[in-house]
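Visitor: Handing you a structure now.
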Amino acid sequence: MADTIPHNTFDTILVLDFGSQYTHLITRRLREINVYSEMLPCTQKLADLGWKPKGIILSGGPYSVYEEGAPHADPAFFELGVPILGICYGLQELAHRLHADNVVAGTAREYGHADLKATKFGGHVDKLFENIEGDMTVWMSHGDKLRNLPEGFHTIGTTQNSEYAAIAHKSDPIYGIQFHPEVTHTPQGGQLLKNFAVGICGAEQKWTMAEFIGQEIQRIRSLVGPDGQVLGAVSGGVDSTVAAKLMTEAIGDRFHAVLVDNGCMRLNECEKVQEVLQEQLGINLTVVDAGEQFLAGLKGVHDPEQKRKFIGGKFIDVFEDEARKIEAKSNGKVEWFLQGTLYPDVIESISFKGPSQTIKTHHNVGGIAERLMRGHGLKLIEPLRELFKDEVRELGRQLGISPELVGRHPFPGPGIAIRVLGEVTREKVEMARQADHIFISMIREAGIYDEIGQAYAALDPSRAVGVMGDKRVYANIILLRAISTKDFMTATPYPFSYEFLSKVSTRIVNEVAGVCRVCYDYTSKPPGTIEME
C-alpha cells in the first residue's frame, strides 16, 4: 500500500485507543485546531510505529485496568520522552502502571456533568488549565477511580466525587484527567486539548487542507511516476469526486475515472455525474453500463453480506475489463487503483474492540482493493485515507468544486442495492429510487438539505395491508432515514416536523406504484448503522 502519510510532514499527536466510543472525537478536536492527530489501537507497539509523535494521548475505555485481560499500552511509549495525557481509563492506566493498588472500583459511578476546581502549583504543572478561569464544567463517565495519588504527582483538579479528577507529574509533562475534554458536554475541553497539544507538546498548527493539497499532489506524482496510469471508481458522491479531482490535478488524463452503472443508482445519476465530472471538472471519465450484469447476479440473493460480496466482486470484474481497454489505448500500464477511503472507515477497521465481531463488511475498505491488488497486480492509492468527512469537503472547496456538489450527501458504493432489504430486483430498485427522489427533493425544497448529514429512502418488501381507492391492497413499505452527524461515527435521527413527514408520506404513497405505507427510522448510531444493510 502506498503509505506516505501526514505524520511524516506535520507535527502529530498520537491517540492510543482503549475502546472508548469517544476516542475518534479526540482526533477530530485536535484537527479542528489545525494540529494533526492520528489514532491507533492501544495494542500498537512502539517498535512498529516508524515515526515519533509530538505527544501521546491515552483514551478512555470500558475496561477496568486492574482486571485480568485489561488492555495496557506498550511500556516503551512511556520511555519515549514526549508529553502524555491520560483521559479517563488513560488516567487510570498511568496510575496503575506505577502501582497496582492505585486504582479501585468506585463506591458510586460518576456519569454526567461535574464542576472541576483547578489547583495551581506553578511551572509546567499549570499549563494544562491555562486560559481556563474559574470552575470548569466537565463530563464524567466512569465507575473506577484513583484510590491513591501516584508517587511523584500533584493533584491539579478535583470534583465533588473525584478527589483526583486531574493530576500532573511534578517534573515530567505527564498528565491525567478523569473527565472527557473531547465531548461537547465539556465546554472548555477544546482549550484543554489545545493547551496539551500546542502549549505542552509544542505541536505547530499547520494542518490545513491548503497545505495538504500541495503535499499530496507531490506525493501522488512521486508514487505514480511520469508515465504511470491510475484507474479509479467514481460515483458522483463527495469522496470519489474529490479524490478524482485531486488525482486529475496531480497527473491529468493519466487518471482514468470509471463510473459503473450497476442498475442501482439514484434517479438520472449517471447523466448528472457525467456532466459534472467531464464538463465542469475536466476529469477523464468512462461510463460503463453494467446494470443487467449486476441485477442478474443479485437475483435470489437475500443475505446482506452476500449482496455486498457479490457487488464488490462484480465491480472488480468490470474494473479489470476496463483496465485492459485503457492499457490497450494508452501509453502506459495501469498500475494503480484509486480508492476514496476516509479516516472514519479506517477507524472502524482499526479501533480496539477486544473480542468483538465485524458488524458488516465496509464497502470502502478491504475486498475490492485486495482483489485488484492480488489478481490484477494493481497498487492501491488512497489520498483521502487520513481525512474526516468535513476535511474532505474543505479539500473539495479548495480544489474549486461547487458548493452544491461538495455538500452532497454520501451515497454507498453498492447503491440502492443495500437500501432494498432482501432480494434486489429491478422493480424494487425503481420503487426505492422514486421514493428517494421525492424525499430528497422535498428536503431541498424545505431548505434543510444542508442541515442533514445523510438522507435516503429504502424499501422493505415485507409488505403491509393498506386501503387505496376503497380497495384492500397488500403492498411494500418505504423506510425513510435521515441523520444529523458531524463525522458519521455517531449519528442521531433528524427531527423532522410531523407536517413535513406527513407530506412526504402522502406523495410517496400516491406517486410510487406498489407502496402503501411509509415509516421514518428514528434509530441513532449506535445502535443502528446509517445504511440499512
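Heads up, the Cβ atoms here are built off N, Cα and C, so glycines get one too.
From Swiss-Prot, for reference:
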{"type": "DOMAIN", "residues": "12-206", "note": "domain 'Glutamine amidotransferase type-1'"}
{"type": "ACT_SITE", "residues": "Cys88", "note": "active site, nucleophile"}
{"type": "ACT_SITE", "residues": "His180", "note": "active site"}
{"type": "ACT_SITE", "residues": "Glu182", "note": "active site"}
{"type": "DOMAIN", "residues": "207-408", "note": "domain 'GMPS ATP-PPase'"}
{"type": "BINDING", "residues": "Ser235, Gly236, Gly237, Val238, Asp239, Ser240, Thr241", "note": "ATP binding site"}
{"type": "BINDING", "residues": "Arg308, Asp470, Lys525, Glu531", "note": "XMP binding site"}
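Are these features on the surface or tucked inside, and what are their neighbours?
Guide: Remark: Cys88 (active site, nucleophile) has Ser20, Ser59, Gly60, Gly61, Ser141, His142, Ile177, Gln178, Phe179, His180 as non-local neighbours, by Cβ distance under 8 Å and separation of at least 6 in sequence.
For the recorded site, His180 (active site), the DSSP three-state label reads coil.
Counting every protein chain shown, 27 other Cβ atoms lie within 10 Å of the Cβ of Glu182 (active site).
Ser235 (ATP binding site): 23 other CB atoms within 10 A of its CB, across all protein chains. Under DSSP, Ser235 (ATP binding site) is assigned to coil, being neither helix nor strand in the three-state scheme.
For Glu531 (XMP binding site), the number of other Cβ atoms no farther than 10 Å from its own Cβ, over all displayed protein chains, is 18.
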Visitor: Would you mind pulling the DSSP three-state label for Ser240 (ATP binding site)?
Guide: helix
Visitor: Could you tally the C-beta atoms, other than its own, that fall within 10 angstroms of the C-beta of Gly236 (ATP binding site)?
Guide: 20
Visitor: Which of the three DSSP-derived classes (helix, strand, coil) applies to Glu531 (XMP binding site)?
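Guide: Where Glu531 (XMP binding site) sits, the three-state DSSP reduction gives coil.
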Visitor: For the recorded ATP site, enumerate neighbouring residues of the same chain (Cβ within 8 Å of the Cβ centroid of Ser235, Gly236, Gly237, Val238, Asp239, Ser240, Thr241, site residues themselves excluded), in sequence order.
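Guide: Residues close to the ATP site, other than Ser235, Gly236, Gly237, Val238, Asp239, Ser240, Thr241: Val234, Val242, Ala243, Gly340, Arg408, Pro410, Phe411.
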Visitor: My understanding is the cutoff is Cβ-Cβ under 8 Å with a sequence separation of 6 or more in the same chain; which residues meet that for Thr241 (ATP binding site)?
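Guide: Within the chain, Thr241 (ATP binding site) has Cβ neighbours under 8 Å at Val234, Val276, Leu277, Leu281, Gly396, Ile401, Leu405.
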